[in-house]
Amino acid sequence: LFDGVYPFYPQQRKAAVFDISTVVVIAVFLTLAFSFLLIIAGIRGRARLYWTLRVLLSLSVGAMIVAVQFTRDWETGWVQANTSYKSFSAAQVTADVGLHIGLAGVNITLRGKPVKQINETIDYNEHFPWNFGADYEHSYSEGLEKGLPSPILYVAEKFSRQSPCAVHRQYRTASHYASAMLWVASCTWIVSNILLSMPVLVYGGYMLLVTGAFTTFSLLSFSTVRSSPMCLIKIGSRTLHVAYGGSFWLVLAIGLLCFVVGITIVAMHHLNLDLLKTFFDLHEDKAEEYQEMPEVFISPHSVNKGL
């Protein structure tokens, strides 16, 4: 030991506190929101309230559409059990085993109850990617070489290509198309904001409906993994079950919100266009809108000459 540390061996992996990509997305949209709030401070009257509501609502929808691409809780499951800690060892530990499935891969969490057991700190959070361009088998092999705890390797093996469960390809394909649908939804969200800032509000409403449709398609794509039964994941004497997580239900809420706002804009366009223009600060003065044409004086000589 060198100051209580093994100098020639990799140290134990600690549980991740947060995901860097998600934090970056949130920071970017918070910066945009703060910038718009500075601009809104210069708007007077009731239009300030309308601008604040539109900007915050729009940025919230855009941030959630992009952020769920990097979250890891589309499907989640937890189980507490007594299980073996490492291979070729009879030591048993009491721990919580968590499974977190995202669009880019799977996270497996192992947290001791208590954290300090058998002279070790049991607190792991390992990520195994399956997105296109990543090698799940290589990540699993690295886990074997590092000597990760048996529960993590056991759960990770269920999602490998060689597993009899045969869910790797299905999860990978479904996640890929769900991610693609969400990226298209983010593009249609941008287009809808551009159209809503112009005097073509009804088309902005249509693009919000398209955004809601693509978010719904992403949910349908990801839910296809339920078409085949999942192998039982036995941790000790307990079984780990997974269910749709927060990101799945968040995308569903975003899709419903886009449908509601889009339908409202289209309906207001046909029922009360003036009120819709007032809310989007595009209301024109009726005196200018219905102004009379100026009088035109025509010379009688020109008329006779034309005849």
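Counting starts with 1 at the first residue shown.
Glycine residues also receive a Cβ, built from the backbone N, Cα and C atoms like all the rest.
Bear in mind that TrEMBL entries carry predicted annotations, made automatically and left uncurated.
According to TrEMBL:
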- 20-42: transmembrane segment (TRANSMEM)
- 49-70: transmembrane segment (TRANSMEM)
- 90-110: transmembrane segment (TRANSMEM)
- 177-196: transmembrane segment (TRANSMEM)
- 202-222: transmembrane segment (TRANSMEM)
- 242-268: transmembrane segment (TRANSMEM)
| query | Residues of the same chain, at least six outside the transmembrane segment (20-42), with any C-beta under 8 angstroms of its C-beta? | reply | 48, 51-52, 55-56, 59, 62-63, 66-67, 69-71
| field | Cβ-Cβ under 8 Å with the transmembrane segment (242-268): same-chain residues at least 6 beyond its ends | value | 57, 61, 64-65, 68, 71, 73-77, 99-102, 182, 196, 201-202, 204-209, 211-213, 215-216, 218-219, 222, 230, 275-276
